[in-house]
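As annotated by Swiss-Prot, Zn(2+) 1 binding site applies to H59, H61, K146, D315. For K146, H186, H242, the entry in Swiss-Prot reads Zn(2+) 2 binding site, with the evidence type sequence analysis. Marked as N6-carboxylysine by Swiss-Prot: K146.
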Amino acid sequence: MSFDLIIKNGTVILENEARVIDIAVQGGKIAAIGENLEEAKNVLDATGLIVSPGMVDAHTHISEPGRTHWEGYETGTRAAAKGGITTMIEMPLNQLPATVDRETIELKFDAAKGKLTIDAAQLGGLVSYNLDRLHELDEVGVVGFKCFVATCGDRGIDNDFRDVNDWQFYKGAQKLGEMDQTVLVHCENALICDELGEEAKREGRVTAHDYVASRPVFTEVEAIRRVLYLAKAAGCRLHVCHISSPEGVEEVTRARQEGQDVTCESCPHYFVLDTDQFEEIGTLAKCSPPIRDQENQKGMWEKLFNGEIDCLVSDHSPCPPEMKAGNIMQAWGGIAGLQNCMDVMFDEAVQKRGMSLPMFGKLMATNAADIFGLKHKGRIAPGKDADLVFIQPDSSYVLKNEDLEYRHKVSPYVGRTIGARITKTILRGDVIYDIEHGFPVPPKGQFILKHQQ
């Protein structure tokens, strides 16, 4: 049999091992994995490279439509491809209108036409004003529902995203449980964080350390405990977003050990940046929950290696530069990190700390695909989509602004020496990014709907 493509001589990350083996691709799918595969229209030599499943980034903000001047599908998904991401799961905010019903999700689909360099799945929003319309999003095919128990949204904009109170969360989770959906939650105590932040501003405490102190670990832990209990009472699967503290992870682990259906994610910035670096970098490293101190970071690495964190995500949430102006307490909170999840974490986790390649593959791709029901994604195995990434290990470069594909070429990682490089990204059998030739094919990404899985 002649295949469309054979990838030869790479160290391939399989689910439970990594070894030098060939991959054959036919019709956009992985057709065979074995030694000495022959006869293909095209052959790629991956000698000396790691061949990983394409990253499934389960937490991405592309602010189109309505705030395309923050980030758009064209720039955002090009950055994703350059960073080794082949599937993103997009959040129902920061776009306007927020994605909270059938009409608003159709606006998203229309806005993305012809612009997706990678594949995308969509989350719906659970907000204070759409409890009677959640079913519309489920029927369209979202793979989960995001909500905030921290304060969220611009109160001056009618169709912006909104946080939920405990009653709204409980009722929404009940409905989502009946739909066999997952609720994803941003967990920080709204009132305490808001009041601590206002208090700091009044007293002129506006440094990075002051911002971190205004969103202490206990505000994350309390919110995680609360939503765990309410989701359990409501009968709904729970996914805790961007955990920043080992104490927060421990709450999820405890609930899981007691039999609750709960998963969690974290982000590269909580593992590679600390509060002192945040102070040096400035507002580009502001996010919530905040980047914490070195002792906290050490605990997060332990939780990651223990297998207590299910997946790593970018939480890519950029904005125009003017929204990062001023002091840290005033600036927009969000990090542009989409393009540098895989290379940074390969360097820090695999090369510097000895993480196994199969564990890396699970954290970057497999587990997220499983959590959100993306049955064709996340694994290098026969029958799966041929979504693959070539990583060149032990290949250092210094990230520059001009390397970035974002609408606004800024990132807290600019100036960082990264010890690995993404050299090629393949989506359903086609090379969509190559380090030497850029983006060789027109955008071919498509939306993945739950009911099509």
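Glycine is treated like the rest: Cβ placed from N, Cα and C.
In this structure, the CA atom of D315 (Zn(2+) 1 binding site) is 11 Å away from the CA atom of H186 (Zn(2+) 2 binding site). Sequence-distant contacts of H61 (Zn(2+) 1 binding site), defined by Cβ-Cβ distance under 8 angstroms and a gap of at least six in the same chain, are E71, E90, M91, L93, N94, D315, H316, S317, P318, G334. Mapped onto three states, the DSSP output places H186 (Zn(2+) 2 binding site) in strand. You'll find the Cα of H186 (Zn(2+) 2 binding site) roughly 8 Å from the Cα of K146 (Zn(2+) 1 binding site).
The two recorded residues, H242 (Zn(2+) 2 binding site) and H59 (Zn(2+) 1 binding site), show a Cα separation of 9 Å. Other residues of the same chain near the Zn(2+) 1 site, with their Cβ within 8 Å of the Cβ centroid of H59, H61, K146, D315, are T60, E90, M91, C241, H242, V313, S314, H316, S317. Within 10 Å of the C-beta atom of H186 (Zn(2+) 2 binding site) sit 24 other C-beta atoms, taking all shown protein chains into account. Annotated Zn(2+) 2 site K146, H186, H242; additional same-chain residues within 8 Å of its Cβ mean position, judged by their own Cβ, are H59, M91, F148, L184, V185, C187, C241, D315.
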